[in-house]
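First up is the structure itself, then whatever we jot down about it.
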Amino acid sequence: MLNMKSFALVMLFATLVGVTIASGPNGQCGPGWGGCRGGLCCSQYGYCGSGPKYCAHNTPLSEIEPTDAGRCSGRGTCSGGRCCSKYGYCGTGPAYCGLGMCQGSCLPDMPNHPAQIQARTEAAQAEAQAEAYNQANEAAQVEAYYQATQAQTQAQPQVEPAVTKAP
């Protein structure tokens, strides 16, 4: 539980790093608390704010609270710089804005949005893993070919050249 001293430290830290905390009882959000107002993100720890610490985590779909006011399906647009998820709800973060998760307004003109950065990072990691797998597979095939060639060479009988004697 967050006591008043801890809450004050969180608010001071948020001010120093340039994020905005929502007004309301302790700025809490998520299941049981509801969403954030004014286009703010709900952090993985359940507090409203802006910036990567609040918007960069992947919100599980079970925690996305559907409300008629937050629906965008059919229109594909959301206010406050939020994305319209493929499930038809407005929000921020990879669950709404990530590659393959967004419809309509997907922040194509905001390449530095935390969700876009995370999506590009995940795509680059997947590509690097695929390349590493392909290189390892190719190396294994070359090694197997080399071993098979060596085995064939050793299995062939050694024939010594015939020596003929002069009469």
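Using the three backbone atoms N, Cα and C, a Cβ is placed for every residue, glycine included.
Residues annotated as disulfide bond in Swiss-Prot: Cys29-Cys42 (among others).
Among the features that Swiss-Prot reports, disulfide bond is placed at Cys36-Cys48 (among others), with the record citing experimental evidence. Secondary structure at Cys36 (disulfide bond), as computed by DSSP, is coil. Of all the Cβ atoms in the protein chains shown, 26 others lie within 10 Å of the Cβ of Cys36 (disulfide bond).
Over all protein chains present, the Cβ of Cys41 (disulfide bond) has 30 other Cβ atoms lying within 10 Å. Summarising the annotation, Swiss-Prot assigns disulfide bond to Cys41-Cys55 (among others).
The disulfide bond annotation in Swiss-Prot covers Cys72-Cys84 (among others). Reduced to three states, the DSSP call for Cys72 (disulfide bond) is coil.
Annotated disulfide bond per Swiss-Prot: Cys78-Cys90 (among others), in sequence order, evidence recorded as sequence analysis. Cys78 (disulfide bond) falls outside any helix or strand according to DSSP and counts as coil.
Summarising the annotation, Swiss-Prot assigns disulfide bond to Cys83-Cys97 (among others) and lists sequence analysis as the type of evidence. If you draw a 10 Å sphere around the CB of Cys97 (disulfide bond), it holds 27 other CB atoms from the protein chains shown.
For Cys102 (disulfide bond), the same-chain residues 6+ apart in sequence whose C-beta sits under 8 angstroms from its C-beta are Cys83, Cys84, Ser85, Lys86, Tyr96. The annotation disulfide bond is assigned in Swiss-Prot to Cys102-Cys106 (among others).
Under the heading domain 'Chitin-binding type-1 1', Swiss-Prot lists 26-66, citing sequence analysis as support.
Under the heading domain 'Chitin-binding type-1 2', Swiss-Prot lists 69-108.
The signal peptide annotation in Swiss-Prot covers 1-22.
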*Checking the disulfide-bonded residues Cys29, Cys72, Cys78, Cys90, Cys97, which are within 10 Å of Cys41 (disulfide bond) at the Cα level?*
Cys29
*asked:* These are the disulfide-bonded residues: Cys29, Cys83. Which one scores highest on other Cβ atoms within 10 Å?
replied: Cys83
*CA-CA, which of the disulfide-bonded residues Cys29, Cys48, Cys72, Cys97 lies nearest Cys78 (disulfide bond)?*
Cys72
*Cys48 (disulfide bond) has how many other Cβ neighbours within 10 Å of its own Cβ?*
26
*What does DSSP assign Cys55 (disulfide bond), in three states?*
helix
